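Trainee: Below are the features I grabbed from TrEMBL:
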- 431-442: compositional bias 'Basic and acidic residues' (COMPBIAS)
- 443-470: compositional bias 'Polar residues' (COMPBIAS)
- 15-407: domain 'Ammonium transporter AmtB-like' (DOMAIN)
- 431-493: region 'Disordered' (REGION)
- 15-36: transmembrane segment (TRANSMEM)
- 48-71: transmembrane segment (TRANSMEM)
- 103-127: transmembrane segment (TRANSMEM)
- 134-154: transmembrane segment (TRANSMEM)
- 166-189: transmembrane segment (TRANSMEM)
- 201-222: transmembrane segment (TRANSMEM)
- 234-255: transmembrane segment (TRANSMEM)
- 262-281: transmembrane segment (TRANSMEM)
- 287-307: transmembrane segment (TRANSMEM)
- 319-339: transmembrane segment (TRANSMEM)
- 359-384: transmembrane segment (TRANSMEM)
Amino acid sequence: MNTTSDNTFDTGDNAWMMTSTALVLLMTPALAFFYGGLVDHKNILNQLFLSFICMGIVFVQWVLFGFSFAFGPSVSSGFGSFEWSVLRFGEIYNPNYSPTYPLLTYCAYQGTFAVITPALISGAIVGRMKTIPYMLFIFIWTTVCYDPMAHWVWGDTGWLKSLGTLDFAGGTVVHILSGVSGFVASMIIGKRHDYSPHSTITKNLPFTILGTCLLWVGWTGFNAGSANAASGLAGLALINTHVAAAAGLLTWVIIDAIRGQISIAGACAGPVVGLVAITPACGFVQPGWAIFIGVVATCIVYGLILLKRYMRVDDTLDVAVVHGCGGIVGAFMTGLFSQKSMNEGGGADGAFYGRPIQLWYQIAGILTAIGFAAACTAGILLPLKWTIGIRLAKEDEIAGLDAIAHGVGLTEAPSPAVNDVTVQVVDEKNLNQEKPQHKDSFELQSTPTNPNSDVVTVRSASQNVLSKQSSQDHTDENTDQQAYFVKTDSALK
């Protein structure tokens, strides 16, 4: 035990909350990998950056005034204050937010939630938003949208909390806000130049699988840490979190198998849907209901993704469906299955346990989050669109943000068929030359069936193409070398 200012801190609770802070912080780079595996190669580094930069922008904002605005001494039921700006309170004792550990630890823990929430939005605007406007949007959105909503739902005097809305770990504050904001942002920015509602192409599924696994692990701190102590309630949230994720995974895989083919990207989406849906309920329901919530939410999201192609909105990585709709389903079902006996300190009985009014409290929270997120997102992006501009030019979008925004790109290897043809061309040319030359260039041309469309030519520099003959001539080099491309340039003819 530790004592500060005549108050006793529990070192076990403090250690658990610091561990949970690290786990939730891990979720932001995990999200970057999850999203990065689903985008075009020309945008993968930028997609990683869009999540990574939130760790810088949001945490600085959180320490300067964000935490005070969300959790500081309230000026009303709708707003915090700036009394705790720059965290001037030190290791103060606070019986409301951190009764057994320092308030600074609680601040760090909540800061990781603030970081990942705007990062989720980036999946809806892949490859078509300018970087600087995006960074401005993240800062402003966190200030005017996330911070007030966190105060309303979790703040000691927040009006939704006082009303009775239950949100154990962020189904409303994190997932509905980010899902709705992503949907509105995708409408304002517009579709990608090559948008196809039927496209299911994924580029780097190992990244996505890695991101999914890390998200699943990190969600332990996200949900169980929200118990605010190393307690039995944390154990309930822990088991509900993992069983809902497992139920989501199995449900998605079974539906895929019935339809004929198990999608790896879908198998990664399943547990995420289960995790999103159980987030608001994990500290209020029995584990059996957690399984049910995971199954139902996954079935609903699966169906919505099948129907999304008819909506004609380019929410690239389904942020609105997975996080927005998943959060709505979870928050609604919290009103059905919550039990006071599961959480004596902060829970309430739901409709299935004799208290149907709880369902209306949940609906009030859901509608508030939807309307507030939509208004804030439109209120930020539209002025940015009309002033400095937020949409990339078409030619920049074609080239990709890795090159345009960051000046870098990833090396791409050709398919085995292209590799074999390249080697054969080099070998045939070398037969008629005394000295092999390796400074040729090759072009792959796509001719569209529509005569009014552009012909796309991909030029591949072959200075590093090593033919079979030259490989044999250079005995000092590895004889197993194969042809590969180091640089690929795209152009329109």
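Here the Cβ of each residue, glycine as well, is placed from N, Cα and C on the backbone.
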Trainee: Which listed stretch (103-127, 134-154, 262-281, 359-384) has the most C-beta pairs under 8 A with the transmembrane segment (319-339)?
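Mentor: Between the candidates 103-127, 134-154, 262-281, 359-384, the best contact partner of the transmembrane segment (319-339) is 262-281.
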Trainee: Are the transmembrane segment (359-384) and the transmembrane segment (103-127) close enough that 3 or more Cβ pairs fall under 8 Å, when only pairs 6 or more apart in sequence count?
Mentor: no
Trainee: Which residues, given as numbers and ranges, are at least 6 beyond the ends of the transmembrane segment (134-154) yet have a Cβ under 8 Å from it?
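Mentor: For the transmembrane segment (134-154), the list is 50, 53-54, 57-58, 61-62, 65-66, 69-71, 74, 77-80, 110, 113-114, 117-118, 121-122, 125, 160-161, 165, 167, 172-173, 177, 181, 185, 365, 368-369, 372-373, 376-377, 379-381, 384, 390.
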Trainee: Could you tell me whether the transmembrane segment (15-36) and the transmembrane segment (287-307) have 3+ CB pairs under 8 A, leaving out pairs under 6 positions apart?
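Mentor: The answer is no, given that the two segments have fewer than 3 Cβ pairs within the 8 Å cut-off.
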Trainee: Which range wins on Cβ pairs under 8 Å with the transmembrane segment (262-281): 15-36, 48-71, 166-189, 234-255?
Mentor: 234-255
Trainee: For the transmembrane segment (15-36), give me same-chain residues lying six or more residues beyond its boundaries with a C-beta closer than 8 angstroms to one of its C-beta atoms, as numbers and ranges.
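Mentor: Distant contacts of the transmembrane segment (15-36): 44, 47-48, 50-52, 54-55, 98, 101, 105-106, 108-109, 112-113, 115-116, 119-120, 122-123, 126, 204, 207-208, 210-212, 214-215, 217-222, 224-225, 228-230, 234, 268, 272, 317.
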